[in-house]
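All remarks here apply to the structure that follows.
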Amino acid sequence: MIPRWLLLVSCLVLALIAQPGAAKKSSQPQWTLKEIDHKPNALFFFEDTETVLVNTRNGDLHRSFDGGNEWEIVEGEDGRMKHQVALLLQHPYDSHRAYALGIDGHHWITTDQAKTWREFTLDELPAMRNPPLVFHGQDPSKVIFQGEDCVGRFCIVRSYYTDDDFRTTEILRESVGGCSWALGHPQFAEDSDLAKEIQNRTLCVVPGLKVPLPYANRLVYSDGYFNSDKEGTEVKLQEGRPVAGVMRTAAIKKFLVAAARSRGTDELALYVTVDTKNWHRAEFGGHRLEEDAYTMLESTNYSLQVDVLTSPKSGMGVLFTSNSDGTYFTRNVEHTNRDMRGTVDFEKIANIQGIVMVNVVDNPKEVENGGKNKRVVSKISFDDGRTFQPLKVDDKKLHLHSVTSYANIGRVFSSPAPGLVMGVGNTGDHLKDYSEGDLYISDDAGVTWRHALEHSHKYEFGDQGAVVIAMRDDEKTNKLEYSIDHGKSWESVELDKKIYPIMVTTTPDSTSLKFLIVGSTSKHDGDGTYITYAVDFAGLHERKCEKDDFDEQWPARLDENGEPDCLMGHKQFFRRRKPNADCFIDEEFKDPQPIFKPCKCTAEDFECEYKRSEDGEGCELPPSLQPPEGKCKKPTDTFKGPSGWRLIPGNACEREGGKNLDEEIERSCEKVGVPTDGKIKQTKQFFDSEPVVYRYMERQSSNSGDDETVLVITRNVEFFISHDHGKTWEQPLKGEKVNRLVLHPYHNDVAFLLTEGKEGYYTIDRGYTFKPFKTPLPPTQQTYLPPLAFHPQYKDWLIWTGAADCSSTSGDCHDDAYFSKNRGESWELLLRYVRRCEFEASENRPDSENLIFCEQHESESKSNPLHLLSSENFFADSRDHYTDLVNYATMSEFIIAAFKDPENPDALVATTSVDGKTFAEARFPPNLHIPVKTAYTVLESTTHAIFLHVKAGSTAEYGPLIKSNSNGTSYVLSLDAVNENRAGFADFEKMKGLEGVAVVNVVGNVEEVSKGAKKKLKTMISHNDGAQWALLPPPEKDADGKAFGCSVTKGKGTPDCSLHLHGYTERKDERDTYSSGSAIGMMIAVGNVGDHLSDSEADTFITNDGGITWKSARKGRHMWEYGDAGSVIVLVPEDVPTDKLYYSVDEGDSWEEYRFSDVEMQIEDITTVPSDTSKNFLLWGREMKSDSGKKIATVNIDFSGLRSRQCKLDEDGHANDDYRLWEPKHPFQTDNCLFGHVEQYHRKKPDAACWNNWREPHVHSIGKNCSCTRADFECDYNFEPQSDGSCKLVPGLPLPDAEAICRADPDRIEYWEPSGYRRVPQSTCMGGDEFDHVKTKPCPHKEKEYEKKHGISGVGLFFAIVIPIAVAGGIGYYAYTRWDGKFGQIRLGEGTSGSHEWLSRDSLLVTVPIAIIAGVVAVGRALPLLAMSMWRSASGYVRLGGSRGYSRPYASRGSFAARRGDYSSVVEDEDELLGVEDLDEDDDEN
């Protein structure tokens, strides 16, 4: 019998013998082949695991826990994940979390590296134009989920947040640019207490308070998820002030970046912060950033890397690197290679500081000028981009394909394997096609390179570089090549099936010996089978590396002498396996750790605190630097001050024995400037010929630089330009005869100069350079029409209207239209025999990008009438809207066309379109007593309604002012007998910056004028967009303190004594408006006080409260201009020689005199930048007593020396020493409600001795939405205003057809009975007195649905009516016996806040009980019926409905439409059958 112990020993020996040879050296790697049914969309490993996820095109999620040896489809609970995963996302900062986003509102999360998945629901599709998930940099359970609704280019983004891994989700807010976390990266604020303060801070890009268009977008934040403060707090991006036009934000390591673009320019401003509190605009040394023309690149812990597009046509850029706070950028590399998507050939070598590889274009001038192909070359930097050198294979230059042509996933060249770098490319003088490339490798971080394999390959690193694999990707193959000696020698193995490799990858840290290869058996997408190979190299070596197999301190960077190099104050080393060691490191998921040794401080360890000097050797001091008190009494003095250098934050260099550039040095007072002297300066320049055309190129907030550019054409067709507001003038096109100047109306940096022939010049950089262009024909000879038309969105799209056959003797001189998409480099014929053509693209009209309207003569003959045509494909085909067209105009969102009435050729018919496709005939009010309408004038429209002036007769120079509803089809009379001149222009002006304020002149003696008398004009003002008008209240005294010649009623204009102003029809220059878009609430005008406007008596008047009160500024006529957003106002005497001007720095409360010339001048005009934000003004005139004749001159008046500091705006936005919060008022109201809301503006206090320096007047807040009052309504169609403010049906006319809305919408249940009122389009009021919604009625055949909607039970009706009678009766009797008894007519429009006595007429205790008492008898008669209904209700037989519906609050309008969720419901507007509530591009407010 065999002993048991012997059996046991025998078994153990056999077991040992039977062990597989895994520990023995194998001749080749092992692999496993698996098939996947559909193409992989996304693939990634969880860090430090062999768990890999693959999302396939059919919506499945595949999972493997062993690196791809075995796969399973994740089905989730009840199999709901199958075929439902649209997007797979990995948490970038947490190695345990991933997210599978579905297509039907069901989404899934894993927090245990895909072992389990938990479903969460959000009824949103993941956003496509914005990040669908936004991650918190420190708390992985906090995520923002984003969905979006897009129309054309515009999206409304709905952001939700979770702080518990989607166990619960809450709405964060709606926005237009998405939301993000302030702590958006683990390195942001990681070393400060700030992280605790801003843990929950979120930032969102939201619409402007009044204008939901991109140029008004705001960046707001909340520390409480916008719960307690729905609007949030606006971020102060620039010098403690908010900025409009914010586009997006990005978290980049320790930096948070926001990009903004103003209206009228492509230039972007980039704002950077490291704490979310203090933001600074990044400076690029005079270089422009443009939209879609910059790329944020992989950055370091101490600087940002940005590539800026310089040549859009050829795809080249400039690489900039910032200082440590991201505020000042220096140029590192010129002519970087980019593709059309903005991808840049730039990559940092992984894990090694300071090594950067870029591809640059070697022939930039040939590419830009000659259209030749780019010659791309590769360069590498070992000193963080300070210097670059070519890559070398022996003595040959090497060029590698980079990011723009990458064919794998992950990094292009490197991995965490220290020092190993690979790439596909070629040697020679430039980079060739990818198909011609070979594989190259370096094992010294790019210092030297060697040829690895023929042909292009996909490649990957494993086991910290101990294994390198490659697979040819230019053909179908099953050959896998590998190297275990850093690419010096290669072996290969043949896999089972040939594939076209799609990706070759491994674990993120490249420490594993396992690789995953994914490929397809077919070259064509979607065909064939998709295969994965899991390849394992663990058996290739028998042993694990020991100490002698390593270089213990392999230097990561070498200097030019081959010695370890210093960067950021230290040298970097790694412990690395020797290339020829026959072992594997086999330390899976253990990342190689760098070893640092400190260096002595050198100049490279310091940076400029502000920015480099022009020579690049030193540092400029910041403009805010002031010398110590008592120093710098004169420019030659010196003082001890900062050097301008600082040690780069995070730099670890040793100061002892090194350089210390940040020590204080002796500074010259001349370089920091002397304090402002409080004086005004003037500069006079003379012209040989009179300037006849002068225009400003306005600078926007996002424009860099500080130029104030003026363009001039003189009478002898010479062109001049000034960049310093007329202090100096240049002639860049000297000798050229320039006779037309055309500014691009949508891009303020662009202007065109035209000659009489086919040649012209343009500038796109505000006149610093001019380039020639040619036109297909000479410009049109119609002098009243500009030859160029511009596209609102694309600045290079032009339409040219030129004169054809005008030099021939055929007599067929006509105009043809051509279009260009490349700023005139080439032209194509659009239409022949046109009068004009215009682009009609608008944000208000979705899909209108290619919409063009043209006026063309029928049958291409000038003797035939005009047709109005439109096309969306450049007239490959077209739509004919009207024959016998007279004219058409575009105003705001409306297109208005007038054509001859077929039934009466002497009359015109007006039509309107909102969408550019469908026109509707305008319905004029019946009280418009003009039988034959011969002329219309389309007036300014910025409030979602058209103001139209209709000529009263063929000879009359006046006519009614009518106003449309929000789609331009139905008009009501606003005001009669508005003055016009012979040219048809009307005395009508909207106040800039304030909603609804308009000033007009009316003819006060129409009957006498019709008999030949002279017109007597009266000035009237409206504060609610033409719904109500009043005479202007006169000041009590004139400028000299004397009384006027009529009896002034304080605060009110009367027929015998009011203020009258000279208006639009009398102006020399239509640009000289009463108001300014930046000087909110202010107007200046010339006029007089009396019963009508005088031709002879005229003084200058000013208001600073929107026209409610006026004061006399100075006696006599003056021209005026505003500066610095109203903080300085300048007056110059008009039509008389003078050498003096008058200015005010306190909104006209006081005036100072300044002598600007040694001799008197006849001043023809005073100008400044259109935004009125400059501190410079320009006088245009002639010297009157010059020895050499009356010299033509300009005089620059510079006020910048008057003040030394910028006004300070407190962080909390409240009023302070420099600013007040100002609310526009309505003269007939006491609650500051205008258009249903209260607005607040920041306005400088008149006595604050500082400058605004604010280019954009900013609405601080919409304080609240108000209850509706009469001021929120105007008279409806067929109704006319009465003397008491009410609206009454015009006698003999029927009520409007209110049921029409039911016919237009078959699903509609009810409609509102006509009340005589309609809401002012821009009002946002809620509740209160809704004059337009008094009573509803059921639509025909919808009585049952109506009753079901509005009915209440008998019990409810009993308690709603009977119970309050006792209380109401008691209070009513008490009021009746003690009130004054004056129950008179209730006048519409009288406020409820004039008296606060509880028994006054306006007291609710009086008005409400009286109404109830009046109904007592009717209620009493209803009691038996009610009792019966209660019984029936309880018995379940019938339900009695109420006879009247609930008046729902009116919804938001216009710009408030984007603020979804603010209002409870939306009321359909019977008038708005043609379109939706449109956005107003022409609004000036943010």
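Cβ coordinates come from backbone N, Cα and C, glycine included.
Taken from Swiss-Prot, the feature signal peptide applies to 1-23, supported by sequence analysis. Residues or ranges marked as topological domain 'Lumenal' by Swiss-Prot: 24-1350, 1429-1486. Taken from Swiss-Prot, the feature repeat 'BNR 1' covers 63-72. Taken from Swiss-Prot, the feature N-linked glycosylation site applies to ASN200, ASN301, ASN967, ASN1265, supported by sequence analysis. Per Swiss-Prot, repeat 'BNR 2' is recorded for 380-389. The repeat 'BNR 3' feature in Swiss-Prot is assigned to 440-450. What Swiss-Prot records for 482-491 is repeat 'BNR 4'. The repeat 'BNR 5' annotation in Swiss-Prot covers 720-730. Among the features that Swiss-Prot reports, repeat 'BNR 6' is placed at 761-771. According to Swiss-Prot, the feature repeat 'BNR 7' maps to 818-828. Under the heading repeat 'BNR 8', Swiss-Prot lists 1101-1111. Residues annotated as repeat 'BNR 9' in Swiss-Prot: 1142-1152. Feature annotation from Swiss-Prot assigns transmembrane segment to 1351-1371, 1408-1428. Taken from Swiss-Prot, the feature topological domain 'Cytoplasmic' applies to 1372-1407, supported by sequence analysis.
Positions of Swiss-Prot features highlighted on the structure.
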{"residue": "ASN200", "record": "N-linked glycosylation site", "DSSP class": "coil"}
{"residue": "ASN301", "record": "N-linked glycosylation site", "DSSP class": "coil"}
{"residue": "ASN967", "record": "N-linked glycosylation site", "DSSP class": "coil"}
{"residue": "ASN1265", "record": "N-linked glycosylation site", "DSSP class": "strand"}
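Ranking the glycosylation sites ASN301, ASN967, ASN1265 by Cα distance from ASN200 (N-linked glycosylation site) puts ASN301 first. Long-range C-beta contacts of ASN301 (N-linked glycosylation site), restricted to its own chain and to partners at least six residues apart, with a cutoff below 8 Å, comprise GLN187, LYS253, LYS254, GLY650. Most Cβ neighbours within 10 Å among the glycosylation sites ASN200, ASN967, ASN1265: this distinction goes to ASN967. For the topological domain 'Lumenal' (1429-1486), the model's average pLDDT works out to 30.
Below 8 angstroms of C-beta separation, residues 760, 762, 764, 773-777, 794-800, 802, 852, 874 of the same chain, each at least six residues beyond the ends of the repeat 'BNR 7' (818-828), sit close to that stretch.
If you take the Cα of ASN967 (N-linked glycosylation site) and the Cα of ASN1265 (N-linked glycosylation site), they are about 24 angstrom apart, rounded to a whole number. With DSSP classes pooled into helix, strand and coil, the tally for the repeat 'BNR 4' (482-491) is 0 helix, 3 strand, 7 coil.
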